[in-house]
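Visitor: Not my notes, these are from Swiss-Prot:
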DOMAIN    299-504  domain 'MCM'
BINDING   G351, D352, P353, G354, T355, G356, K357, S358  ATP binding site
REGION    671-693  region 'Disordered'
REGION    707-742  region 'Disordered'
COMPBIAS  709-724  compositional bias 'Low complexity'
MOD_RES   S761  phosphoserine
REGION    776-1022  region 'Disordered'
COMPBIAS  781-796  compositional bias 'Basic and acidic residues'
COMPBIAS  842-853  compositional bias 'Basic residues'
COMPBIAS  863-880  compositional bias 'Pro residues'
COMPBIAS  942-954  compositional bias 'Polar residues'
COMPBIAS  996-1008  compositional bias 'Basic and acidic residues'
REGION    1060-1087  region 'Disordered'
MOD_RES   S1105  phosphoserine
Amino acid sequence: MNSDQVTLVGQVFESYVSEYHKNDILLILKERDEDAHYPVVVNAMTLFETNMEIGEYFNAFPNEVLTIFDNALRRSALTILQSLSQPEGLSMKQNLHARISGLPVCPELVREHIPKTKDVGHFLSVTGTVIRTSLVKILEFERDYMCNKCKHVFVVQADFEQYYTFFRPSSCPSLENCDSSKFTCLSDLSSPTRCRDYQEIKIQEQVQRLSVGSIPRSMQVILEDDLVDSCKSGDDITIYGVVMQRWKPFKQDVRCEVEIVLKANYIQVNNEESAGVNMDEEVRKEFEDFWEHYKSDPFAGRNEILASLCPQVFGMYLVKLAVAMVLAGGIQRTDATGTRVRGESHLLLVGDPGTGKSQFLKYAAKITPRSVLTTGIGSTSAGLTVTAVKDSGEWNLEAGALVLADAGLCCIDEFNSLKEHDRTSIHEAMEQQTISVAKAGLVCKLNTRTTILAATNPKGQYDPRESVSVNIALSSPLLSRFDLILVLLDTKNEDWDRIISSFILENKGYPSKSEKLWSMEKMKSYFCLIRKLQPTLSDEGNQVLLRYYQMQRQSDSRNAARTTIRLLESLIRLAEAHARLMFRDTVTLEDAVTVVSVMESSMQGGALLGGVNALHTSFPENPLQQYQTQCELILEKLELPNLLSEELRRLERLQNWSVDQSQPQAMEAETIPGSLGGDARKESNFRTSTQQEVNCSAHRFSIGGSFGGSPLLGPSSHLGPKGPASGKHSEEHRNSQDGSLDWFDSVATHPIEPKNTAPVSPSPKTSRGAMALKICNNRSQGKEDREAGQRSKLETEPLPAAGETETPLRPGNREGERPRKAATVSEAAVSADEPDSVLTHHVPRKLHKLHKARAQELCRNPTRPPLQPTSPSHPQPTPIQSPERVLETPKRKRQKSHAQAQEPHQESVESLGAPVAKLAKFTFKQKSKLTHSPEDRGPVSPGTSKPVVQSPENPQRRAKRGAALPGKGPEKLASRIRSSAQPQDETRGVSPQPPYKDRPEEKRERAPAKGTVQPELELGNDMGRFFLASERVRKEEVSCSNKSSKVHACTLAKLANFSFTSPSESKSESPPPPQSKNPSEGGPSCVATATALGRKRKTFQLDTSTEKLSLSKTSLFTLPELDDEPLDFDWDEEMRKKP
């Protein structure tokens, strides 16, 4: 550049600075330190618009123009200082530097990759990540020399291109033509102004901006003066500077190594900003309009966002919700003492290979502006945290993955492949969000404010009976730092495999892009926008989170390492994250309930309703109804009735206010391949593998119930704590018959172990005396038939809810018992099925298909007489019931409800005459089994009933004992009454149970009994009259049972005198018929066959007094084997011990 050009550039820049940066210069002049270096940041776009010639000179000669800018800036500062009338407190500063930023966005000036040789000498903007920082050094850039001959003093500048090396001139530069070549260095007399701060950093290309397989390149950056220590390892920075070359001084026979470096003029740190995402008012207005559209049903809008999250993975609704909450993040807080509480949540995905864990990690890394994706196999502690590297004779710190992901996301795949000493190094990084380094004499602390999303495989096959720490071989301190741990079990399931295969093949054959799916850029913009929200906790959300934390602390099966204050902090972070995801600035009750439901579904929760397999979760058809179910379940269990009533009223007002509520639901049902698209729409009602357990445990909040099945995994079970919604329960079962996964749990690869799978009722345990009553009431029809019936019933129909089981008033209930509300009846109905859930066995596939076909045919048959409910509060029965069960309606219920349908078997028997019909109900069946007709019930205790399995009896003995049949009725009645005369305190507090449920087996066994009645009817005479009298007493009792359902103690004492007799005694003795003064005292006559005292009768009753049944939250899906060896015992011996 010639002198004219230099003068032009200097004048234009001086006038520009005086006009646009006068205030900045005044602030600098007010500073007291005159030797410090002060920057003035100049926007290149504005400068070039003022004068285009400056832009041309700047691009052609950047080093010379920058020196001119600095000189012009000093002149401008001096002019401003002299123009002030009162310059008190202002002083002139000599070390002023013009810092250029804001270059025009064009490929010639802005680079995202490391510059190459052709860029040498150009002023560029380069974006990268700092991976290494050196120590700050003192650089002497000028040195004075004196000629030994003429004593001329001259200045020598250090050569940047040769690592700031000083070279003495070959001859004296004096004008006196001195030819001396000997000089003396005056370094001892050099002032501090001849030195400057110097630092070298190393930047690397951003990994997310590279293509797959590309190795990120790096380059050295030179920082001087005020730019020193302006960044640290792990920072994302944009550097404005001149690309230059440098090499070591030449040596003989040594090749010259030239490297490209960037001499920085200005550094802009991008940590706090969302790099590469343009956030303007138009984008914000688009998202505000989106939530305004879903104002009536915000959960439908949230599910649309979740469906766009990793759309190549089908379903997995729970995992997508958890990942979205983790990406949204919480709020970081710092108290008055300086203690910092992290706002980032950590998520661990544990699952079998091929369950989509790595897909979620890759997608999350793509939509997060600052992210690092690594694997545990190739990462050491230095690769994850920080390492000390010796370069050019000095030690430097090089940042690892966690430091590079500061204020971003760090995805670690194969997390269990880390070595043990490497895992411990990230403890501080996960909780304190910093890394303390003391390596090679370098002691410092680096920030790791990152969200960790890790994935791991279980150690071998996942064993639900063991803890998560044992299954994945990770220590408890490390696991406790994860806010959520989701388990993905790839269990055998034909329906799930069919849906997944059709979804994948559809995308392969006919790839299509759904219009409802958000693009990746839109998802990136949304998550960058919501991370700027600062939601605050509401009082309702505080109450729910606090109450849930207290219940976790009080839980018997709590993990002491997990249920600490970290759990409460995790709940707060996740609640704030969900509020951000819903685009709100307040954490409401909806957020708290959703967070509790997700926490319950993870392995970190389970205090309320247990864990769930997050793999088989689908998007709900009605998200608002699903939330209502969650709200009822959780708030009822947390004992917050006031919040529940207020929330239900709010939901009701919301539904009434929304006129177009059906439209968002219809849109949700059409949700894209990511949730319910293609063939998957036909399977929209499919549920998790634990849906069968959900149906039997949703009402009583059993610890063993699968919480995720009912409130989380879809619309298949909308059962609230106060009973199912009327009319919907039956319809949902009918719609989900084909695509339902209800039967999956029954055909799992492992049998059931009662210790881990038996649901525990919240009511007090039933005494053994109450168990004995079940023997008289529920007679088995044969071991083989009973087991087959139980298997078919468990696999072809869900366990009945409140309205599916008849609960008429019965004598035997304690005094003062009255019909309770639907919730109590529901609890009783469910608890009656507890023994059946213990007896789950393997079933052949053919048998399952047969029962499934029968259930489908029954659903299509409109001529079947419906089952009448006992009270208006009970819902309609599920049409999936077998026809035998529907027709087997108790007689008292028919009298109460005036039903028109009659049993065909009863009509055929009653045609033989009244005495014949009465006797037919108390005879031996064909297979010599102890049976009992449902119509004749004795006094039933409120205790929990247990089914009885008796050994078969050979036909000769049955024929031999057949003649003594009538004489045995009163003795059997006496034995039953004696068993009911146990102390009342043993059965107190136990909810009444529904009648015996195995009616399909009784129906099948009843037909052969008609032929066996005839030879025994001839024994009538006096005994026939006795049976007629007993029947009249029973009918009178039935009419009074609706008014009173109690059995007086005096009657129990009288009837307790009866005892069992051997077959020989029963032939010779004829016991007197029981006399009942009051029909309500004696109860209905119960005459049934008796076995010999010498024979042992086996039962599957669990000994509640010796072993307390508990359900482990880790055994909901992989069912261990049932060993019924300790369950067999001599019932007669037990009766003699407790008369």
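Just so you know, the numbers here start at 1 and follow the chain as drawn.
Cβ coordinates are placed from backbone N, Cα and C, and glycine is handled just like the others.
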Visitor: Compute the centroid of the Cβ atoms of G351, D352, P353, G354, T355, G356, K357, S358, then list the same-chain residues not in that set whose Cβ lies within 8 Å of it, in sequence order, for the ATP site.
Guide: L349, A455, N457, L488, D490
Visitor: On the 0 to 100 pLDDT scale, where does the domain 'MCM' (299-504) sit on average?
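Guide: A mean pLDDT of 84 is what the model gives the domain 'MCM' (299-504).
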Visitor: Fewest other C-beta atoms within 10 angstroms of its own C-beta: which of the binding-site residues T355, S358 fits that?
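Guide: Checked T355, S358; of these binding-site residues, fewest Cβ neighbours within 10 Å: S358.
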Visitor: Work out the three-state DSSP category of K357 (ATP binding site).
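Guide: In three-state terms, K357 (ATP binding site) counts as helix.
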Visitor: Please report the number of other Cβ atoms within 10 Å of the Cβ of K357 (ATP binding site).
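Guide: That number is 25.
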Visitor: Cβ-Cβ under 8 Å from P353 (ATP binding site), same chain, 6 or more residues apart: which ones?
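Guide: Looking at Cβ-Cβ distances below 8 Å from P353 (ATP binding site), excluding near sequence neighbours, one finds N457, D490.
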Visitor: Where among the binding-site residues G351, G354, G356 do you find the Cβ with the fewest other Cβ atoms within 10 Å?
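Guide: Sparsest of the binding-site residues G351, G354, G356 by Cβ contacts within 10 Å: G354.
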Visitor: Any idea what DSSP makes of D352 (ATP binding site), helix, strand or coil?
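Guide: Reduced to three states, the DSSP call for D352 (ATP binding site) is coil.
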